Ligand code: BGC
C-alpha cells in the first residue's frame, strides 16, 4: 500500500510530481465515456516512465497467441483492445527546447481528477534549461453527451522572458500496444488530410479491419483575444499535425482549445467515416469548450443524482466510493449491447479489455440498482447473442452438446490460452446462469426468461450434464480436473464451488421450466420445442442434483474447497512473514500451488451467491475457516468477504475489507495499479456498501434491508432503483430513513419487519 494522493470528497489530487508514481497516476486519473477512454497522459508528451494509452470500445485486434507448448483446444488468437490514435498530443517548444517534465525543473505541480464534473486538470511551473519559466494549465474531458468528442484547454503563461513559443497539436496513429505478443503494430494508415484548421487521420486495424477516423480542430487565444495564425502542416506516416509559431512576452498567456472527434466503423460506413467525423467535429467546435464542458458536467450531475453514495465521518471512504462509482460510469454506459466491461476498462492493457465472469459476478448488481433496468438487461443479452459461439466452443473441446462460455472473450470466442484457466475455470458458466437469476429476481422481468434466459440456462445445464461423471467409488456425480475461482491451485477434483454452482444451475433451470409450465403452458410448450428439450435430459439433471458429491470437512464442519485440501500444510496468512506478500510476486508458482493459501473467495463466493440457501451459522463456520487462509490477491476478493462479514455482524472485519476494496487502486494495495485500475472489482466495492452495510436483498419479490454502519462513519446514504421506484436510504447509528421518490406506495422489509412507504413519503426507523 502506498498513499501519495490527497484526500478530498470529490477530487483525486496529486501534488508533487514523482516519475516513480507516474504510471500509477496515469491509471488512476484516466478518463472515459463508455465509447472511448484514455490514461492520464500529458498533452506535451513525457519521456519518463509512462504508458501512452487511448482506447476505443469494441475495437480489437486478434493478436496471434504466444505459448510455450501448444495444446489442442487453445484459441489461435488473443483479442486485444487496441491502443489507438493519440489525439491529446500538443508539443510545446520554448525557443528550441521541447517541454518535457522529465527534463526540466518542475514546481507547483498538481494533477486533479474532478469526479463531480468529469474532467482532468493539471498545472505546474517548468523552469527550462536556459532559465525560462512557464506556467502550464491543462484541462480536458471526454464528453458523455457527445460521445465522439474530446476537448482540451491548454494554456502557457510566460513567467520571465520575451521570446518565441511553438505549439504543435497533432494526431498520431503510429501507436503500439504495450502487450503486443510479437512486437507488431496493429494499425495501417488509410488517409490523412489537413484543410484550413481541420486535420483528419484515418487508420485501419490489420486483420479485424476496424476503421478509426480522428479529426482535430483548434483555436488559439493570446490572453482573451483570438489569434490569427499561419499553421505549417506536418505529415509523416500515420501522423498529421500543425505547427504554429508565436511571440510571447513576459506575463502573456497563450491558450489552445483543441477539439477532437473519433468515429469508428463499428457505427459508421467506412465510405462516410471522414464526412461524419467532420460534421461531429464542426458541431463541437461551434459549441465551444465551455459549452461542451457545461453540458458534460450537467450530465455528470444527473449520473451522480442516480448513483452517488454519501458517507459522512470518513473522508477516505467517501473519496474512495466516489472514485469507484466514477470509474464504473466512465467505463460502461449500457447504450451499446455489443459492448461489455473489461477488468481494466480504458485504464490499461492488461487483460486485453475483454469480457470475464467479472461482469456477471460483480458488475450486474451495480447497474441493476443505479441505472435503468435495460442496461443490465443489455449485459445479459450480450451473452445471449454469444450463445452459438459458446456452443461452438463446447464442441471444439469435444462435448456433444451444451454451451461453455469463454473465460475471456471479445466476440464470443475464447481468447485465453492457459490450460488451467481456458479449459478448467468452467465455473464461469455458473456465474452467467446466476446473473440471469439475479436479474429476474431483482427486476421481476420474467419475460426475459422466455425470450432469452431459458435458452442460455438450458445450454449451460446441458454442458454440466456432460461435464460431470458418475463415480462408482463414491456412488455420486463428481467434477474432475477444474480450477475454482481460487487460481492459486489448478486441476483439482470436486471444487465445492464448481460442483455447487453446476447443480444449482440445473435446479434453477428446472424451477423456471416448472413455473412456466404451470403459469403459461403454451409458452412452455413453445420453449421445449425450440430447445428440443427431452424428458431424459430433465431426468438426468434431477439425478445429478440429487446425487452430486460435495466435499466436506467433518472436523470443522465446513464445505471443503476441493478433495484433498486438508492434506495441505495448514498455515494462516497472519503467520506468514510480511515480506512474502503478495505471494503472486514473491513465491514460485510451484510453492503457491502446494500451499493452502487462497487467492480469492472460492467456497465463500458460492455462499455469497447462494446466501439465500444457507443459514448464518454455516456461513460463519466457513468464513472463519477460509478468510484467515485467503491472501486476497485478486481485486475481486475483499468485497465478497466484506459483504459476508456484514451479514455475520462482524462489523470491524467488514469495514477493514471495505477499505481494502475501495482504496485498492487509489492506495495501490496490490502494487499493480500501473497496469490499469481494477474496474470490475469497483462494482464489488459498491456491493460492499449497498449489499453489505445496507444489507440489500430481494426476497420473495420484496426489497429487504438490514442496515449496519461502520463505527467510524456518522451516516451513509445511497439510492436504489427498484422496479420503477427510486428509493433513498440514509443510515445513521440506530436510525434509518427511507424516502420513496415515486408516486406509488412500496413495501419494504427492514430488519425483518414489513413497512409500507406511501408515494413521495419517507419512513424513519
Ligand atoms: C481473477 C479472476 C478474474 C480476472 C480478471 C484474475 O486475477 O483471479 O477471477 O476474472 O482476474 O479480473
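Positions of Cβ are set from backbone N, Cα and C atoms, glycine also.
Under the heading active site, proton donor, TrEMBL lists 487. Residues or ranges marked as substrate binding site in TrEMBL: 357, 358, 599, 600. Residues annotated as domain 'Glycoside hydrolase family 65 N-terminal' in TrEMBL: 14-266. Per TrEMBL, the feature domain 'Glycoside hydrolase family 65 central catalytic' maps to 322-687. The domain 'Glycoside hydrolase family 65 C-terminal' feature in TrEMBL is assigned to 696-756.
TrEMBL feature annotations superimposed on the structure.
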{"residue": "357", "record": "substrate binding site", "Cβ within 10 Å": "23"}
{"residue": "358", "record": "substrate binding site", "Cβ within 10 Å": "24"}
{"residue": "487", "record": "active site, proton donor", "Cβ within 10 Å": "20"}
{"residue": "599", "record": "substrate binding site", "Cβ within 10 Å": "22"}
{"residue": "600", "record": "substrate binding site", "Cβ within 10 Å": "24"}
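Per-residue pLDDT, averaged over the domain 'Glycoside hydrolase family 65 N-terminal' (14-266), rounds to 96. Same-chain residues that are not part of 357, 358, 599, 600 yet have a Cβ within 8 Å of the Cβ center of the substrate site turn out to be 356, 361, 485, 487, 601, 605, 634, 636, 637. Residue 600 (substrate binding site) falls outside any helix or strand according to DSSP and counts as coil. Once the Cα atoms of 357, 358, 599, 600, the listed binders of substrate, are compared pairwise, the greatest separation found is 16 Å. Look at residue 358 (substrate binding site): DSSP puts it in a helix. Distance noted between the C-alpha atoms of residue 600 (substrate binding site) and residue 487 (active site, proton donor) is 8 Å. On a Cα basis, the residue listed as 'active site, proton donor' lies 14 Å away from residue 358 (substrate binding site).
Here the CA atom of residue 487 (active site, proton donor) lies 14 Å from the CA atom of residue 357 (substrate binding site).
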